[in-house]
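Listed features, source TrEMBL:
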BINDING   74, 75, 76, 104, 118, 122, 249, 253, 254  L-histidine binding site
DOMAIN    15-325  domain 'Aminoacyl-transfer RNA synthetases class-II family profile'
Ligand code: ATP
Ligand code: MG
């Protein structure tokens, strides 16, 4: 679990702002659900025989009512619970998004943490393939506005439960024939959840898994039609995709379309976004049967990828550093600074870090002004103040040019200071 400290936290703020504005553009609305949910929600929602439920949840007993609770390992189940609990679909489908921390007890490694952050988008109450495509387009737009490159889209269809029954039998007999090649996890899941075996991370099992019967070959005509419709929309929108018949995703709640955005630049933790359709989850969580589709992005991985490709993420720097040579002028300085802030100028005010030592010399304050990154130093010199003026010193033009400004024309001054 990581602390996120300045100046790096600025890239988080930057990313979150980009996401908020994109979500508005796509008409997705923000939802905030609790970080703790009842354990039963995840067991029922994600599936008992999944990595998350079997070994990754932080669960504990509530002191009072002895209910078992879990730090959310993902947010779709919580969003669906909230949608059902608040009857949010009474007037039609809902497009929602969230951002926040998730918790999974995994082996920490690059791109894999125990507290990590996801941004997710969910469209609940819409059955059509255009929604599957809309979510993919939304993620694709995000890579574009972030300037991410080298991201590939892989898609697959998991069909419907009926399609999966026939595939399940074929899968079990295939794995039974190769029982010696299965690891412990796979053997345990052979009859409880054989599809999960295809999601193995074990490199020794990849060739076995690659040659396994493909779910795609068991899809009904309707499932195929849905998948074809998604693909045609992606083609029409100019989004490049690749079929990955092995893509099954980690949770049991998916059906029909599933997809991942992957990169080769992050080592083995290359999936930055995963999602798909989950038409049976709402019912599973106690609501009326309701179709839905969504995805989640791993924020740490996206930021690492941006870092990797050398993207320049703007850092927060103040417009102005206020230099206050004498404590006698603090009151007037603060009044002026507050007016400037109300007018939209970002101001970092000099403060001494030692008590009882005054404000420090002009020279040391200007040095601080310089290292703050501010474009201007605003100097509240005693002599200027007595004439109701202050000095603006340009810190970034190479020779520190100065000009004097009247405190009576604060609006004009604010315009100058913002312009950097
Ligand atoms: P993986 O196969 O890498 O374990 P997953 O299928 O468990 O991923 P999801 O539950 O679909 O992942 O979560 C969506 C995204 O969240 C992932 O694609 C990844 O970018 C990110 N993510 C998942 N687990 C972690 C983690 N422990 N640390 C950081 N990011 C994570
Ligand atoms: Mg995982």
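The backbone N, Cα and C atoms fix where each Cβ goes, and this holds for glycine too.
Automated prediction, rather than curation, is the source of TrEMBL annotations.
Least crowded of the binding-site residues (76, 118), judged by neighbouring Cβ atoms within 10 Å of its own Cβ: 118. Taking all protein chains in view, 22 other C-beta atoms sit within 10 angstroms of the C-beta of residue 249 (L-histidine binding site). Once the Cα atoms of 74, 75, 76, 104, 118, 122, 249, 253, 254, the listed binders of L-histidine, are compared pairwise, the greatest separation found is 21 Å. Ranking the binding-site residues 74, 254 by the number of CB atoms within 10 A of their own CB puts 254 at the top. Classification of residue 76 (L-histidine binding site) by DSSP places it within a helix.
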